[in-house]
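Asker: The structure's right below; bear with me while I get my questions together.
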2 protein chains.
Amino acid sequence: MNIAIAQSGGPTAAINSSLCGVFDEAEKYNEIDRIYGSLNGIEGILNDNLIDLKEVLITENDKQLLKRTPSTVLGSCRFKLKNSSDDDSDYKRITQTFAKYDIKAFFYIGGNDSMDTVMKLDAYFRENHIDIKVVGVPKTIDNDLPLTDHTPGFGSAAKYVATTLQEIIRDSRVYSIPSVTIVEIMGRDAGWLTASSCVLRANGEPAPHLIYLPESDFSQERYLEDVKRISERYKAVIVAVSEGIDCLASRSEATDAFGHKYLSGVGKYLEELTRDHMGCKVRSIELNVMQRCGSHIASLTDLDEAWRIGAAAVNEALKYGGSGIMMGFRRISNNPYRVGIVPLDVRECANKAKYFPKEWITPEGNNVTIDALNYFLPLIQGEPKIDYRNGIPVHFRLDQ
Amino acid sequence: MNIAIAQSGGPTAAINSSLCGVFDEAEKYNEIDRIYGSLNGIEGILNDNLIDLKEVLITENDKQLLKRTPSTVLGSCRFKLKNSSDDDSDYKRITQTFAKYDIKAFFYIGGNDSMDTVMKLDAYFRENHIDIKVVGVPKTIDNDLPLTDHTPGFGSAAKYVATTLQEIIRDSRVYSIPSVTIVEIMGRDAGWLTASSCVLRANGEPAPHLIYLPESDFSQERYLEDVKRISERYKAVIVAVSEGIDCLASRSEATDAFGHKYLSGVGKYLEELTRDHMGCKVRSIELNVMQRCGSHIASLTDLDEAWRIGAAAVNEALKYGGSGIMMGFRRISNNPYRVGIVPLDVRECANKAKYFPKEWITPEGNNVTIDALNYFLPLIQGEPKIDYRNGIPVHFRLDQ
């Protein structure tokens, strides 16, 4: 028998590590012959576009290198399966490909949308008495998958954000004039990654002084009051803001003091708003895709866990016959940090989101609590050893 | 006798290493008692705002930590001295402060503008027969100081750009649809840092496929032809563009297909231009201040050289009586890489810029040659050992 792995959704620094975890564990099973990689997520299964992973991951070094390489080595997709009751043609093509390659288990590494595919495929196979296990391996820098304590990819993104933010803080403090620096962090609906910027406090760093998440109500008036109050104490005010905060509703009509429309993006918007009202030096910085693919400053805890949860998915399917599940983390303790890996019903995970807890947001809605800090800290610990060639980190590359 | 050090201009990852180099070398001189740090550049001298560096840099570990901490620990300024023939009041205040603290040598770490201060102070002291040595220690991520082979701070910025760009390349390749990614890199007048993105070629990476510098004429028509041609071969086109390329002249009148004015910044401008003409997925990314303060991925060669050139400045002033000079690098060989440190007449450096050589730009004006690659590669070699606390790099901090 053979198995297949695919990757889906937006890139992270840890999604290839999960692939390695699945691959490495599957290699230990004598009954598994070939381990296929499906190119561009489920599209590779639909279009019969598979590669034999044993032909590309040959040495232990290949696996270790891929573990530390960001993004999805097999490519990704944004593909939503129709309901099989409406149109089962894609299901039939998938079943054909699986039959053609004798694939008996399929591991899908992805986020909320990908778990929808896991759920639907598993239901279809069960209904039609087809014995193919379908197991989801979670990933997303947004950390918004339900039931699991956290999600692979998040810890590395959080470590990138903290490291970069600390450097921006140093940079912001050079001149004697007052300033406000607004750092826009990914997270359209969930504020986990923005909230994680609080980890700098563990080292005595008071910045970011203000943290705004989509989970709390945003008011421009309170924001401006907050910035003014902080600027009385700190020369260089640092604001961490989630791209998804609700200040955009009124944006299309909003104009600055000169009657110009505000530019797009929360960071730019707040930059102009702040400049109009504060009159000091203001800049906004977008951490952009670097925060999701910054593998050179990945969290080793994250990469190791991503590998382990991939391996656990194989055992769940092969040893215990699990299917229609998403693997998840259960936190046992914070100090020492210990987590277990558990199978979760994918129907409870797919198409659902886990938001940052309201009780971890301060009453003023402009910062997070010590509980949040304690939650985040273990996830950013440790650094992978990076191989450099010509002064540049070496990446695993499948093609040009 | 005592000496003073100050830092000026924009932050880099290496400017604190040069401070350590001056401090560490000065400590070896028995005749030097106190080593003062002037806060916010020359403004600290003008305002009598000095600190005793021996009180803050106590252990070897303090120095090593500061060496790896980005930005300017003493703060910075953008202060231009008037000509003393027009108004010598600032010169008198500076002389008073130096007399008050028995400062006999002043080391100014900075870029083109700071060398103007070195030049003017030295001339004033000579004219008035005041025996105070003034020596410039170069720094700028722009690498545009004349006469020196390269400038401390540049190698670390180049290593950050290469490392980050490689991750953006991985990120850009995940989906099956064609795309263009435009990465805007610092350099208003000189394209050195943007050109340095060619180092990825040393590891067989074909991207960035197009590199545009301020030193070559930019034509929108040729740019669009370039992108079209590259997109026929590569699914994910990567463009590295200097913030200073000359496509802005016509920008104020330029509108997109919908009659909207283009947004500010070269990256955003090219993003909209490309989207209008290519119709594919296009995004632009600004590396922003991270490229100048990204010390967690600094070049060890750069940090070591920054230290050495600071130390050499002390010897030049104290052993050889040098003044009115800027220290510079002279490259002896590329392979093995060897550089010497030499004193340069600051009058030949101040207020002047060194541009990227035209002969290192390809005839099409959209890339750089192998000579550029050979020049850049030695500068990004080696990685400093980073201390982490709570998963975050430790920075040296003077205050909150």
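Yeah, the Cβs are placed from backbone N, Cα and C, and that goes for glycine too.
So TrEMBL lists the following for this protein:
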| type | residues | note |
| --- | --- | --- |
| DOMAIN | A:2-315 | domain 'Phosphofructokinase' |
| BINDING | A:GLY10 | diphosphate binding site |
| BINDING | A:ASN112 | Mg(2+) binding site |
| SITE | A:ASP113 | site 'Important for catalytic activity and substrate specificity' |
| SITE | A:LYS139 | site 'Important for catalytic activity' |
| BINDING | A:THR140, A:ILE141, A:ASP142, A:MET186, A:GLY187, A:ARG188, A:GLU243 | substrate binding site |
| ACT_SITE | A:ASP142 | active site, proton acceptor |
Asker: Going by a 10 angstroms cut-off between Cβ atoms, which of the recorded positions A:LYS139, A:ARG188 has the sparsest surroundings?
Answerer: A:ARG188
Asker: Spatially, and counting Cα to Cα, which of the recorded positions is closest to A:GLU243 (substrate binding site)? Options: A:GLY10, A:ASN112, A:ASP113, A:LYS139.
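Answerer: Going through A:GLY10, A:ASN112, A:ASP113, A:LYS139 one by one, the Cα closest to that of A:GLU243 (substrate binding site) is A:GLY10.
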Asker: Using a Cβ cut-off under 8 Å and a sequence separation of 6 or more, which residues in the same chain sit near A:GLY187 (substrate binding site)?
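Answerer: Within the chain, A:GLY187 (substrate binding site) has Cβ neighbours under 8 Å at A:ASP142, A:LEU193, A:THR194, A:LEU213, A:PRO214, A:SER242, A:GLU243, A:GLY244.
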Asker: How big is the substrate site in terms of the longest C-alpha to C-alpha distance among A:THR140, A:ILE141, A:ASP142, A:MET186, A:GLY187, A:ARG188, A:GLU243, in angstrom?
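Answerer: Among the residues the record ties to substrate, max Cα distance equals 16 Å.
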Asker: Within 10 Å of the residue listed as 'diphosphate binding site' (Cα to Cα), which of the binding-site residues A:ASN112, A:THR140, A:MET186, A:ARG188 do you find?
Answerer: A:THR140
Asker: I'd like to confirm something. Which of the binding-site residues, A:ASN112, A:MET186, A:ARG188, has a Cα closest to the Cα of A:LYS139 (site 'Important for catalytic activity')?
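Answerer: Minimum Cα distance from A:LYS139 (site 'Important for catalytic activity') across A:ASN112, A:MET186, A:ARG188 lands on A:ASN112.
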Asker: Measure from the CA atom of A:ASP113 (site 'Important for catalytic activity and substrate specificity') to the CA atom of A:ARG188 (substrate binding site) and give the result in Å, rounded to a whole number.
Answerer: 15
Asker: Taking the Cβ of each of the binding-site residues and counting other Cβ atoms inside 10 Å, which one has the highest number: A:ASN112, A:THR140?
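Answerer: The residue with the most neighbouring Cβ atoms within 10 Å is A:THR140.
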Asker: Got a sec? Which of these recorded positions, A:ASP113, A:ASP142, A:GLU243, has the most Cβ atoms within 10 Å?
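Answerer: The largest 10 Å Cβ neighbour count belongs to A:ASP142.
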Asker: Report the residues of the chain - excluding A:THR140, A:ILE141, A:ASP142, A:MET186, A:GLY187, A:ARG188, A:GLU243 - with C-beta within 8 Å of the mean position of the site's C-beta atoms, for the recorded substrate site, in sequence order.
Answerer: A:ASP144, A:ILE185, A:ASP189, A:ALA190, A:TRP192, A:LEU193, A:SER242, A:GLY244
